[in-house]
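Novice: Feature table excerpt (TrEMBL):
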type	residues	note
DOMAIN	4-258	domain 'Heme-copper oxidase subunit III family profile'
TRANSMEM	12-31	transmembrane segment
TRANSMEM	37-56	transmembrane segment
TRANSMEM	77-100	transmembrane segment
TRANSMEM	127-147	transmembrane segment
TRANSMEM	159-177	transmembrane segment
TRANSMEM	189-217	transmembrane segment
TRANSMEM	238-258	transmembrane segment
Amino acid sequence: MKNHQFHLVDPSPWPLIISFIILNYTMMTLMFFNTKFYLPMSLSFILIVWVMLIWWRDIQRESTYQGNHTSAVMVSMKYGMILFITSEILFFVSFFWSFFHHSLSPTHELGLMWPPKSIHPFNPLNIPLMNTVILLSSGISVTWAHASMCSNNWNTTKTSLLITVCLGIYFSFLQFYEYFSSPFSISDSVYGSTFFLTTGFHGIHVIIGTLFLTHVYMRLKNINFSLDHHLGMEMSIWYWHFVDVVWLFLYMTIYWWGK
């Protein structure tokens, strides 16, 4: 019997197990670079995903069925998510820093111009503008989902959340098509490097956010959330808004200003 409202985590084998798997994944990746034998690396990646799913399942049980996530615990989780998003913002700041460093003072190797000579950037009014409209629309629909949840309107919450997931998938599809039709590659000077690194990592975050929202949708269908207890849904919405804001900066700088 505890005399406090904090959740003391039970002993779990997953942190130790996934640490060894990640260490093994690193070694298998190095082996892949030298031998091009991808099977051990693929198996290690599958094990990482499997352990993550089991670990998250245990956390979900602690919250939904055991009631261990009290108000004090949820406040600490919100602080953790805020710190995580802050670290992600600083992660993208490094890419924008590199972009502005090279675009504001292009060197002789770049032809003293930006974009560098013989680089033909994308038209910002084509696919990039479409993706901007898609992400802004998804921000509206995910906010609609949260407002519906706060109003205890389950059907509208599920509908608007499903719309957001579909828009996220559509965005990823259009970005893949953009990459496929790109007139330059990641090895085409620093422009190609900064473009594909920044947009590529943002694309990965969109996929992660889409999976996050899909998981929330599945939990919503299983009635794992309530009017007063839907922290997982709130965190997924925070993350999705972060993805939206990063894309707006990316579109205005790399696609529009840097063309």
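Keep in mind that glycine also has a Cβ here, set from the backbone N, Cα and C atoms.
Note that TrEMBL annotation is computational and uncurated.
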Novice: May I ask you to check whether the transmembrane segment (127-147) and the transmembrane segment (238-258) make contact, with contact taken as at least three Cβ pairs under 8 Å and only pairs 6 or more apart in sequence counted?
Specialist: yes
Novice: Below 8 Å between Cβ atoms, which of the listed ranges 12-31, 37-56, 189-217 makes the most pairs with the transmembrane segment (77-100)?
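Specialist: Looking at each of 12-31, 37-56, 189-217 in turn, the most contacts to the transmembrane segment (77-100) are made by 189-217.
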Novice: At a C-beta cut-off of under 8 Å, are there same-chain residues at least 6 beyond the transmembrane segment (159-177) that contact it? List them, or none.
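Specialist: Apart from its flanks, the transmembrane segment (159-177) reaches 127, 130-131, 134-135, 137-138, 141-142, 144-145, 148, 199, 203, 206-207, 209-210, 213-214, 216-217, 220, 240.
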